[in-house]
Amino acid sequence: MEDGKPVWAPHPTDGFQVGNIVDIGPDSLTIEPLNQKGKTFLALINQVFPAEEDSKKDVEDNCSLMYLNEATLLHNIKVRYSKDRIYTYVANILIAVNPYFDIPKIYSSETIKSYQGKSLGTMPPHVFAIADKAFRDMKVLKLSQSIIVSGESGAGKTENTKFVLRYLTESYGTGQDIDDRIVEANPLLEAFGNAKTVRNNNSSRFGKFVEIHFNEKSSVVGGFVSHYLLEKSRICVQGKEERNYHIFYRLCAGASEDIRERLHLSSPDNFRYLNRGCTRYFANKETDKQILQNRKSPEYLKAGSLKDPLLDDHGDFIRMCTAMKKIGLDDEEKLDLFRVVAGVLHLGNIDFEEAGSTSGGCNLKNKSTQALEYCAEKLLGLDQDDLRVSLTTRVMLTTAGGAKGTVIKVPLKVEQANNARDALAKTVYSHLFDHVVNRVNQCFPFETSSYFIGVLDIAGFEYFEHNSFEQFCINYCNEKLQQFFNERILKEEQELYQKEGLGVNEVHYVDNQDCIDLIEARLVGILDILDEENRLPQPSDQHFTSAGHQKHKDHFRLSIPRKSKLAIHRNIAYDEGFIIRHFAGAVCYETTQFVEKNNDALHMSLESLICESRDKFIRELFESSTNNNKDTKQKAGKLSFISVGNKFKTQLNLLLDKLRSTGASFIRCIKPNLKMTSHHFEGAQILSQLQCSGMVSVLDLMQGGFPSRASFHEVYNMYKKSLPDKLARLDPRLFCKALFKALGLNEIDYKFGLTKVFFRPGKFAEFDQIMKSDPDHLAELVKRVNHWLICSRWKKVQWCSLSVIKLKNKIKYRAEACIKMQKTIRMWLCKRRHKPRIDGLVKVGTLKKRLDKFNEVVSALKDGKQEMSKQVKDLEISIDALMAKIKSTMMTREQIQKEYDALVKSSAVLLSALQKKKQQEEEAERLRRIQEEMEKERKRREEDEQRRRKEEEERRMKLEMEAKRKQEEEERKKREDDEKRIQAEVEAQLARQREEESQQQAVLEQERRDRELALRIAQSEAELISDEAQADPGLRRGPAVQATKAAAGTKKYDLSKWKYAELRDTINTSCDIELLAACREEFHRRLKVYHAWKSKNKKRNTETEQRAPKSVTDYAQQNPAVQLPARQQEIEMNRQQRFFRIPFIRSADQYKDPQNKKKGWWYAHFDGPWIARQMELHPDKPPILLVAGKDDMEMCELNLEETGLTRKRGAEILPRQFEEIWERCGGIQYLQNAIESRQARPTYATAMLQNLLK
């Protein structure tokens, strides 16, 4: 198959493996892996892709690959990753693979300088190139830009964000202190907002949108950081292998002895908020020695430090203090930050126990007294007793007649007191983080800003064994960002192509709007259902979950936990969780604490206490919040509720509005493995990331896409000031055309739309050259345009003169041709009218010539000479009379023949009489010769008659064929008229089927992603997935295939499991008519599927293989024939032998040959419904001969009805006409060789040739 060319086929762990096609199945291909010769496996045909011939080759832009598909995309990334080339383009989108180690000099200052002002594609792929492109787009287009850095947790988003910021400030900063502050703000934000998770050692547990603002001179003037959704639950509890926020550990590891004593710090295992997770520090050999022993936990002393090339708690503490100083924080403010952090730690050590009294409340444990003192008096500025009371009781106000009445203190149970303590800790830390962000923003203020470049770094799609409200919000955010990506890159791009008339093929992608509606829809969305639950007097997580399931019981995106592919999730009760099918896969959320985590308000006594702190810094932390939420709190007197979910939704919508108002660049970060180790490439999970991030859809779009564009007027206005008057009068479109021609651009690299010019992927340098607004550069380009216009106009004059001469010659040639045609037609008409008389005169004239021989015989006679002479004379008179009659009257062929026969008879009688008179041998010999000549004449006459009859028979057959075609055409029209009456119903049914098939395909695609995500969770959590989930989704059948298999079940023969070779052998050897018909049908159906696969996966910039003329294939696509059962089709055709001939021109020559000099002919011989022999005749190449069996892959795979040849006027020819051409081109020998080598399939043609050879 495919001449042994390699293909990519699915592999469970590597994503794809290379192999060869060895057989074609009903809807799958049999693949033999190259590294496992002799072993084969089945792969769905739409999951098999052609491979590049050079497996070690890599390209910087995946759009440069010969084959553009997800397998070659994955392989190219893998090859580059193995060479430490972690960046790759897909058009203007950057794919960044996390290397998990430091690559030397890749981010050095020298590297930054090398990318400044360089067009995308002129330098190797890099995050700096995207940053520079965003800056140049902002400068040229006068439009703010955004860079969206996305990817899973641990994929490298935070690091790439830092590199973008560093590049912009170093390259285009003013050289002042503000540039350093923007860069130095990152360590501070990371310390308070990043933490170690199981999938990322430096995971951002909040989202941020960093704006770098520029003035009118495109210099950095300031910045602004917006933050979203800090993960507050991490403050109180973490997973076993996870840590709290970095600041806690860095403070314990790196604080000086003075600070440690003032803040009463010790090792992490002594604090409740740290000791339930990992208590080890990040450190290297040097810093490990600098950390004092009393600051190390037992776990650290036993297992050693955590290792990460980018993290070091002791060193990072020092770097954080340096960053604080650079952004303007003095020692007092720095100590305030540390004091609040330590206060949160000590707050977590306050513990409770049941009270001995009957009140049902609780008291502080004795061992918590010191923690209470440290936290209240020394760190947070609170009264110990007030804090104790506020943590163990809750203040309620009775109401009477709508007015507030008596204050009642309600004792809290131990669990409630623990929740109150944790809520206070989360609130304090959250306000502290808000303060850090505000101080960061204050350190780089700006008065005026012309434009900005925003860099979005937000937590990637998260999926753990246990997922809660935080993961729900993060994944909701990622759904919205994926939709923005779909809109900006796929939807808006395709709408623009369609609007501009570029003719780019449509690319389908998964629309996740239904998932977003499920979460945020008004009243019925999960967020609104959760808010409604929070407003109830006694809200519960179980009631909220049940309400969600009830309102969306038939929603495709929402499911119950027991349908999960992971066994651990199937144990979750109906009212304790739900599954949402996200764009990246299904995630099971445990709804315990959803209600609690959605409420951002403290109960009244704690809120009042913290707002009235004696510490000025603490009061300032809560003052801004108090002012902002004043109205909310007044309402909260009753409900005490501030919705976290809806607050986040509002922030997210504002962010997306900002993104939509800017130009967008995308960096897709990829996590190469789950172990976070270097040089380890897990193909399957990387492929899943590429598919979920839309890279495969982008690759499909970019096969014919144009990522760069500019409007004609925009380009024209840029050059207008530099144009002389004669050029200024040019139409903008014409000016752009002249500009591109002057630059010598290849027409393949760009395309003109209605209002814009578009550039192919990889042509950003050419685009930037045109859009460069440097005055000297503009003047140079204008000079080139002027030169090109002069040359083009002179060439146009030359071409016009040549065209006029050609036109004159063509008119003269056509006039001569018309005269020649008229002469020929008149000659033919005249010949048809007078040919019987001319033929008669020729025959009678021949008879007259024989009279001389008669006279010679008579003159030699001795007796009866006079009598014989008279008879000869009479015969001559009769002949002359007949000749005169033929010339003077319009006699028919029959009349002439009758009188001619009479003369022949008379001459025969006369000859007989002469024979009697002539006795001598000499005379007898001469008479014998005359007899022979007459016999020859008779035979010639008979042959002429036979030829004439044959011509008449052929004319009759052609007339019958034409009449039959007209009859078939009339019957077809009648059928069409009948079909039109039910067409509306049929189309509606087909539309429903297509919609159902599309929905089913979306379900299958979503299930595939769900399974892949479950596998990745299973790998990371050492969990087993269900047997049902283990079933290979690659062999799940689509609706069309299921329908085919269902139909096959009703047939006599089930051929779905037969191999391609078995079908072929059965066709060649079987005598069972029904089996033969079924095998032929299945054989050609598989051929169609295989050729469709080849056409879809052809090389870039290559024409589709033509096994039949375009008119035939187009007809088959536009008019799908009704599929008759194979047996019925064979009977209806009755193995008729039909022959066809139609003009044929290769698509590559279609527009290069206006004179049709390369037009050839396509001949086909159909044996019943299927083709048996095929010929292509071209004027500039040898004839192409094909026979069924030997050349199935190159022959037309359509049946006769599908080709529409029987409906083409003049297409059908006589068998003799086909056989003459076939024999002349060496077809007999070709077919004989195929028969002798047992490659030809038994057909009418093979049987006839074998009989002829016998």
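The backbone N, Cα and C atoms fix where each Cβ goes, glycine too.
Between THR13, THR406, THR1113, Swiss-Prot assigns phosphothreonine to THR406; no such entry appears for the others, which is not proof they lack it.
Among the ranges 130-137, 186-193, 426-433, 666-673, the stretch that Swiss-Prot annotates as region 'Actin-binding' is 666-673. Looking at 273-317, 588-632, the stretch flagged in Swiss-Prot as region 'Responsible for slow ATPase activity' turns out to be 273-317. Region 'Required for binding calmodulin' is the annotation Swiss-Prot gives to one range among 58-86, 696-724, 754-782, 783-811, and that range is 783-811.
Summarised by DSSP class, the composition of the region 'Disordered' (935-956) is 22 helix, 0 strand, 0 coil.
Cβ neighbours within 10 Å of SER267 (phosphoserine), excluding its own Cβ and spanning all shown chains: 23.
Within the same chain, residues 724, 727, 735, 738-739, 741-743 sit at least 6 positions outside the region 'Required for binding calmodulin' (783-811) and bring their C-beta atoms closer than 8 Å to a C-beta of that stretch. Across all of the domain 'Myosin motor' (57-772), the predicted model scores a mean pLDDT of 87. The binding-site residues considered are SER153, THR158; of these, SER153 has the fewest other C-beta atoms within 10 angstroms of its C-beta. When DSSP labels each residue, the region 'Actin-binding' (666-673) comes out as 0 helix, 5 strand, 3 coil, counted as helix, strand and coil in that order. Rounded to a whole number, the C-alpha distance linking THR406 (phosphothreonine) with GLY156 (ATP binding site) is 56 angstrom. Per-class residue totals from DSSP over the region 'Three-helix bundle' (836-917), listed helix then strand then coil: 74 helix, 0 strand, 8 coil.
In sequence order, ALA96, ASN98, GLY460, CYS669, ILE670, LYS671, GLN689 make up the list of same-chain residues 6 or more apart from ALA155 (ATP binding site) whose Cβ falls under 8 Å from its Cβ. Here the region 'Responsible for slow ATPase activity' (273-317) is broken down by DSSP into helix, strand and coil counts: 23 helix, 2 strand, 20 coil.
Secondary structure from DSSP puts SER605 (phosphoserine) in a helix.
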